[in-house]
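Database features, via TrEMBL:
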type	residues	note
ACT_SITE	Lys171	active site
DOMAIN	4-159	domain '6-phosphogluconate dehydrogenase NADP-binding'
DOMAIN	166-291	domain '3-hydroxyisobutyrate dehydrogenase-like NAD-binding'
Amino acid sequence: MAVIGWIGLGNMGGHMSVNLVKAGHDVRGFDLNPAALAAAEAGGVKRAASIAEAVRGADAVFTMLPKGEHARAVYLGEDGVLKHADTRTLLIDSSTIDIASAQELHDAAAAAGFRFVDAPVSGGMSGAEAGTLTFMVGGEEGAVKDASDYIGPMSGNIIPTGGPTTGQAAKICNNLMLFINLASTAEGAVLADRLGLDKQVFWNIASVSSGDSWALRTWYPVPGVVPTAASNNDFAPTFTTELANKDIGLAISAAEDTGTPLEIGKHVQQLFQRLIDAGDAGKDCSMIIKLVDGSLQPADQAPSN
Ligand code: NAD
């Protein structure tokens, strides 16, 4: 049994930390959101009142935060992890963040005497709950190996990606493909419906044909087909449009740095931006289907009753 500090108990971190509890670890969690803390506590995570309390005496600390700015604040801030953890504690950031922020965290952690890995994940909220996430882990070889021992109960795959920030590089490219697949799935689903196909019959075909993708199998944007899809639940978020827009923005920015044309990726970002402009940043990103079927109701134009 290890002592693990966990910071960021949202849609992903809540389930992931509970899987470490189920594996027998003593997990101390902190989040700014009391509802997230309460949900994790119900799963056996011990509530910490601050970052300092969460990281005290920990063998490893995981962070699962929205964006680079949050990760930088949590690690580098006055009340942050580097200030309060013991240098024997292995630091593992599973947030999806920009490469420059990840490099800054690697550098600051090393300068303060810590071992740090970037270990973003793929597999969605359903994979977080099932403990089947794919982790892509970048950093010094020994730290990556030791991190893998803690990651085990949350993962289906642990793939070392190379040196510092390579985990984030892999994740950014993966998610570029995911969101393009999601947009294509939404278009295919609406067209199939308008051509008179039964939604389940079409899904049964596409899921074993060349139109298949993880987005189709896990996030199908038509309700009543795939149990894990947010479409069943009026697009309550499993992966918010805001975070999807962030991820595709990370890809576009990395593409600009490397002179890579991302014509389709840039178009999909415009679709997410339209959802955000309509007031749906906090809804699930599979709501992109509403731009295809024409049912988007901008929040400021929604009928009041
Ligand atoms: P989320 O917004 O549901 O959770 C993030 C949590 O971090 C929130 O509960 C928030 O209160 C907390 N937080 C923010 N700043 C904090 C601070 N300073 N101290 C303590 N807590 C703080 O987001 P999520 O969907 O769980 O995603 C987390 C990360 O994982 C993101 O980088 C996202 O891109 C990535 N990711 C998400 C999914 C998914 O399907 N949701 C899949 C793979 C990767």
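Glycine is treated like the rest: Cβ placed from N, Cα and C.
Keep in mind that what you see is a predicted model, and the values were worked out from it rather than measured.
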Ask   = Sequence gap of 6 or more, C-beta under 8 Å: which same-chain residues meet both conditions with respect to Lys171 (active site)?
value = Thr96, Pro120, Val121, Ser122, Met136
Ask   = Reported in the order helix, strand, coil, what are the DSSP residue counts of the domain '3-hydroxyisobutyrate dehydrogenase-like NAD-binding' (166-291)?
value = 86 helix, 2 strand, 38 coil
